[in-house]
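*Asks:* Mind having a look at this structure? Questions to follow.
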Ligand code: IMP
């Protein structure tokens, strides 16, 4: 039996949440395995809009189990706030249907403070949620993990180790030093609310697997924000590709990988973006696609579909099937463009080279296809699709080498066109 990993194939915001929610109707559990509350998943159910940052998308489906794996950077205050907000809307969340790994490193006020100190010089355009500094502390072996909250003596020692490091940095900036009591108070202020959710996730998942339960791994961000494979240094601080599902959950399994791609490309924050359109096309994609970041409310940069990126993302994650989202946003264009390769001086690339200086200079080579100029918003049937739209989809399939199984035509849960049956996933 194989489980399903869902990953973004661009720079995040591909619409993964809706697809996880769609597939979750047939699964038993959904696991987050990386990132933190820098993610933003919007799901529309019966005209109610839910914006999730940290909680797996299965929380909206009664009877499903949501899990947060060890690979997630956990802001305990953000998690409890999100839980309480959903509970106030009548969503049932309790320690039987939400479980959080005891090994998650915690995002604390020191992390947000550090990010604020460094961001000016880094110019990455982060979400300012303390994600990077928390992962730095995890790798530096000084993070406070959820399990540390069990013992106040241990916690005391862990805070000391953490502050030894952070206060040296703060000194360098001439900032006030942080005292141990403040951090202890901060942690104890949330401990009793968060500890009931603390579980041994790898073991629970292992039991689920033995029982034949279907698990979905829910990726956050996107392939080109991956710390190793993305447009470094303009990336997030975790691995976002499918292999991370195993490390960030502790469940070794043989998975199907479903990649989510927008029918055009967007990016929030700074960094290379070969097909970006700083013109009427970009403005039009921004307006029609309502491309405002869910987390930081920043304008997303917009551009044409980049088949080079998607082909690379498909290879990096072993994607077997693609879901194309927001195709309706291209409805009224006379022509639509797909980037098929890059040029840089006399060189041509059929992949994204690693060097930032080259990435910045890449010139996309486009193929131009006729538009369909037909309203596809909310469309659910493939036989009603305009021939030019079908050709656009088929050309993408040819260029990226894997089939497109689903097309999403609105934020609503039911607005999906099934091109290829996904029964093989279950
Ligand atoms: P960080 O993850 O807050 O460290 O931000 C690093 C980069 O990743 C910035 O460019 C962010 O805009 C981007 N980023 C982080 N999370 C998301 C996401 O969920 N969607 C899109 N971009 C993201």
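Glycine too: its Cβ is placed from the backbone N, Cα and C atoms.
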*Asks:* Have a look through 298, 311, 380 and flag the one TrEMBL assigns to the IMP site that 13, 14, 15, 16, 38, 39, 40, 41, 127, 141, 221, 236 belong to.
*Replies:* 298
*Asks:* Please check each of the recorded positions 12, 13, 221, 299, 327 and report the ones with a CB atom less than 6 Å from an atom of ligand 1, ordered along the sequence.
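*Replies:* Result: 12, 13, 221.
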*Asks:* Among the recorded positions 127, 138, 297, 298, 327, 409, which ones place their C-alpha within 10 angstroms of the C-alpha of residue 13 (active site, proton acceptor)?
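*Replies:* So far as Cα distances go, none of the recorded positions lies within 10 Å of residue 13 (active site, proton acceptor).
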*Asks:* Should any of the binding-site residues 15, 295, 296 have a Cα within 10 Å of the Cα of residue 127 (IMP binding site), which are they?
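*Replies:* Candidates kept after distance check: 295, 296.
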*Asks:* If you measure from the CA of residue 41 (active site, proton donor) out to 10 Å, which binding-site residues from the list 295, 296, 297, 298, 300, 409 are inside that radius?
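*Replies:* Within 10 Å of residue 41 (active site, proton donor): 295.
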*Asks:* Only counting partners 6 or more residues apart, tell me which same-chain residues put their Cβ under 8 Å from the Cβ of residue 42 (GTP binding site).
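*Replies:* Correct list: 17, 18, 49, 50, 51, 52, 294, 411.
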*Asks:* By the DSSP assignment reduced to helix, strand and coil, which category contains residue 221 (IMP binding site)?
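*Replies:* The residue in question, residue 221 (IMP binding site), is coil (DSSP, three-state).
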